[in-house]
Amino acid sequence: MNKKNRFPLILVVLVLFFQSLIGITAQAADEFTVKADAGFAIDADSGKVFFNQNGDTPKGIASITKTITAYLVLDAIKQQKITWEQEVPISAYAEKLSTVPDLSNVTLVQGQKYTVRDLFEALIVQSANACAVALAELIAGNEHTFVDQMREQLIKWDIKDATIINSSGLSNVFLEDQIYPGTQKNDENLMSARDVAIVAQHLIKDFPEVLEVSKIKEKKFAPNTTHPDEMKNWNVMLFDGPNYKAGVDGLKTGTTDLAGACFVGTIQKDGRRVITVILKATDQEKDENARYVETSKLMDYCLNNWSQQDIMVAGQAPSDQKELAVTDGKQKTVPLAMESTVRLWVRKDMDPKNLTFKTTLNHSLLDNAAISAPVYKSEKIGHVTVSLTQDTLGYVQANEGASTELVTTKAVEKASTSELIWRKVVHSANSIWKVTAQTANSIWQVIVQTADSVWQKTTQLFN
């Protein structure tokens, strides 16, 4: 083969090679899975869903429950109902629960001094179940009333299919006569992976200081009491842990026989924060750190395959509503555009130019889908939600999404009285002409049909 013939062949081979690489990347992004009963991942800021594997089915969440408890504690502090340094009385129930073998705890003793800060740190770092109870009793008087508050909070977040029966996430088996009224001996808290992500998102957004606690690797609990304990964070993705991953600073583990090994994690990297959820890691029997292995894979998938891009810049018109009719204006329409630039999360295998627009007009400004003159430049007449047509994952909650105001790009003055009168004359003339033309056409059709009928009968007569 001579050199002249080689070049086209090499070019074809290179093109095919790079096409195959693109195909592999797209396939990998589309077919990624985790070894767990459920997996879910979102952008912490926008709520954009990056991954959903069976994420809408309620499942056991074990101590991930404590993220809800933590939220209510932090909210009570914000509302000045309690303070960080406030002493927390320990009930006989909380004391007894703190000594149950095989449960994650720190030792609580009635009469000893524990602050809200002490118990909150133990709640997050050590996943101390008795501390959840003690904090619940402080805030609500008893755990059952606190559970009611937990349920109310979830409803505020539009979480309606969760089952919450205690503040710790334990199975009722361990709670003896303290179980929530109407529940059964083996009942546990249940939530979907999506709902877990929603709770984590609210917790981190509303109270980012929780991350200062969730990233604590080791700490001594209540050193000035008769029963101090060494706390060790169960999250082994923190610094120097066996599954250490740079940027991970939370959030909460959970383990019961029903729930299996669970973990809601969060990582901050390159100016973005991702929240991941793994419920019941399926390889736990082979690897005690399976939940963290799957979390690491899921975090890498999100960080490597999803990027935020400017899809539509301010001043561009949405394809479904480029203009709006104007009543009594010098111009009969006014052009529209998006007020601000729209940024979307785009997966590598998705086409950022294939967009779907959903325009919602402010109908209080309109009459018969038209706006009355005068119309001012930059007048807000609705909003536009933009999404990738290929992206079916959406956002973690229905009210989230990439949207911008829809505004007018020009002013339209009201037409003069003489011009409006002339338009009415022209409109009336057009209407009369249209009716006349339709009538004439109908008469002509009758004449043609009659003539045709007469001709046919005449032909038959002479034949």
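Note: Cβ is positioned from N, Cα and C throughout, glycine not excepted.
TrEMBL: automatically predicted annotations, no manual curation.
What TrEMBL lists as active site, acyl-ester intermediate is SER63. Under the DSSP three-state reduction, SER63 (active site, acyl-ester intermediate) is assigned to helix. SER63 (active site, acyl-ester intermediate) counts 27 other C-beta atoms within 10 Å of its own C-beta, drawing on all protein chains shown.
Under the heading active site, proton acceptor, TrEMBL lists LYS66. Cβ-based neighbour count (10 Å, all protein chains) for LYS66 (active site, proton acceptor) stands at 26.
According to DSSP, SER127 (active site) sits in a coil region rather than a helix or strand. Within its own chain, SER127 (active site) has SER63, LYS66, SER104, TRP234, LYS252, THR253, GLY254 as residues 6 or more apart in sequence whose C-beta sits under 8 angstroms from its own. The active site annotation in TrEMBL covers SER127.
LYS252 (substrate binding site) falls within a strand when secondary structure is assigned with DSSP. Taken from TrEMBL, the feature substrate binding site covers LYS252.
Per TrEMBL, the feature domain 'Peptidase S11 D-Ala-D-Ala carboxypeptidase A C-terminal' maps to 306-414.
According to TrEMBL, the signal peptide annotation covers 1-28.
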Cβ neighbour count (within 10 Å, all chains shown) around LYS252 (substrate binding site): 29
